[in-house]
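What Swiss-Prot says about this one:
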- 298-318: compositional bias 'Acidic residues' (COMPBIAS)
- SER81: phosphoserine (MOD_RES)
- SER132: phosphoserine (MOD_RES)
- SER137: phosphoserine (MOD_RES)
- SER174: phosphoserine (MOD_RES)
- THR223: phosphothreonine (MOD_RES)
- THR298: phosphothreonine (MOD_RES)
- THR300: phosphothreonine (MOD_RES)
- SER314: phosphoserine (MOD_RES)
- SER384: phosphoserine (MOD_RES)
- SER386: phosphoserine (MOD_RES)
- SER433: phosphoserine (MOD_RES)
- SER494: phosphoserine (MOD_RES)
- 195-216: region 'Disordered' (REGION)
- 286-320: region 'Disordered' (REGION)
- 290-321: region 'Required for interaction with CIDEC' (REGION)
- 425-490: region 'Disordered' (REGION)
Amino acid sequence: MSMNKGPTLLDGDLPEQENVLQRVLQLPVVSGTCECFQKTYNSTKEAHPLVASVCNAYEKGVQGASNLAAWSMEPVVRRLSTQFTAANELACRGLDHLEEKIPALQYPPEKIASELKGTISTRLRSARNSISVPIASTSDKVLGATLAGCELALGMAKETAEYAANTRVGRLASGGADLALGSIEKVVEFLLPPDKESAPSSGRQRTQKAPKAKPSLVRRVSTLANTLSRHTMQTTAWALKQGHSLAMWIPGVAPLSSLAQWGASAAMQVVSRRQSEVRVPWLHNLAASQDESHDDQTDTEGEETDDEEEEEESEAEENVLREVTALPNPRGLLGGVVHTVQNTLRNTISAVTWAPAAVLGTVGRILHLTPAQAVSSTKGRAMSLSDALKGVTDNVVDTVVHYVPLPRLSLMEPESEFRDIDNPSAEAERKGSGARPASPESTPRPGQPRGSLRSVRGLSAPSCPGLDDKTEASARPGFLAMPREKPARRVSDSFFRPSVMEPILGRAQYSQLRKKS
């Protein structure tokens, strides 16, 4: 009976006693943590049906294992019930002591987090204030001392300036400066015309407002400088505008300006194109030399192709330059000069852009870094450049000779041009003497010098009057009465013939004609 009553009493006493596990689970911190775990577990189960089935299987397994463990441990628990009761009481007392010492155990997690955040922020704020407040106070003191020193220095400077201005020398200097500035202002007002906008406005201000105090010297000087600069700019702009309008009335200036603009744009295009083409060939040439040492056969084939390409490029450039130099001369002296200047500018720009590549290629050839094709291409470009410059010089000379009349003696004409005068033809002699044949004495010898024209024309005195009376008496009247005829048309060997103004072909045109023939 005693054995049967024991468990009944034990079962009756358990609900009345406090359980440590229940109290721990009832704590807000523990309950909130359990709720978080439960929510996480439920969300994981709902993520996928397969996960939910696996979790349900594990739950059933754990539940069955716990039931089996409780059924197997029941006899042991009944025998050790007194010891478990004593341990439960001790645990409850310790839990009461912890709740008294740590009241945060009774708070929810949200309140604990907010209080923790507040305490951390207050600690950080206090630490920051402990560091920043001394620095701020020190900086304020330093700034205050600096400002006080600056104010003291400014005050001393003002007092010194006022004292110097109140002295006799200062008053004389200020009066002289005021007088000089006033005279300059009067001269400027007298010489410069008043502004259209400022004149009526100044009159209105005088009628409406009372006279103000006299401005300082610095303000007056700045106003005078602004007035002079503004008037200078206006005068310069007006002069430029008038000059432009007058220059446009001159015949030939408008096309010259358009040609200058076109030449500038063409020069910029040429410079940009040449800058894009010019490259620094050091690394490429070094790599090419290394490749040549490894593969000689492939290099020979590549050299042949490169030579052909370079020859084509050089021929194209020469054709372009020849076309530039072979352009027809425009009508008029101004057009010819402008055309020549444009051609010279183009060739100069091309020479300047080719010079770096030519110098680098020559240096690389000396240092055995560049192959022979680079030297040949550079040489070809140099030759084409020299030909272009020669063509330009020939064009300039032709233009000058064509439009500038030079004296006859300055042009070294050969003796062949005067042979027609020294040695007249038989038809001319027949016309001069009528139907009579010319006597052998009156015709000059083939080797006769230029001075023998006097004897032919009958201007020199006879050397032997006894012998020449018969011939002179018959020939002199008819020869003197004959008018001088113009010589036949001759082709001169010099640059131009003074009698007829005609353009002469340059070297580039002659070379093109030879090629075409």
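We number each residue from 1, going along the chain as drawn.
Using the three backbone atoms N, Cα and C, a Cβ is placed for every residue, glycine included.
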Rounded to the nearest Å - Cα separation of THR223 (phosphothreonine) and SER81 (phosphoserine): 111
Of the modified residues listed as SER132, SER137, SER174, SER384, SER386, the one whose CA lies nearest the CA of SER81 (phosphoserine): SER132
Mean of the pLDDT scores, which run from 0 to 100, over the region 'Required for interaction with CIDEC' (290-321): 58
SER132 (phosphoserine) and SER386 (phosphoserine), distance between Cα atoms, whole Å: 79
Cβ atoms near SER174 (phosphoserine) (within 10 Å, other residues, all chains): 13
Minimum Cα separation from SER174 (phosphoserine), reported as the residue among modified residues SER132, SER137, SER384 that achieves it: SER137
Where SER132 (phosphoserine) sits in the secondary structure, as DSSP reduces it to three classes: helix
Rounded to the nearest Å - Cα separation of SER132 (phosphoserine) and SER384 (phosphoserine): 78
DSSP three-state assignment for SER174 (phosphoserine): helix
Integer Å distance between the CA atoms belonging to SER384 (phosphoserine) and SER137 (phosphoserine): 81
Which listed residue (SER81, SER384) has most other Cβ within 10 Å, given these are modified residues: SER384
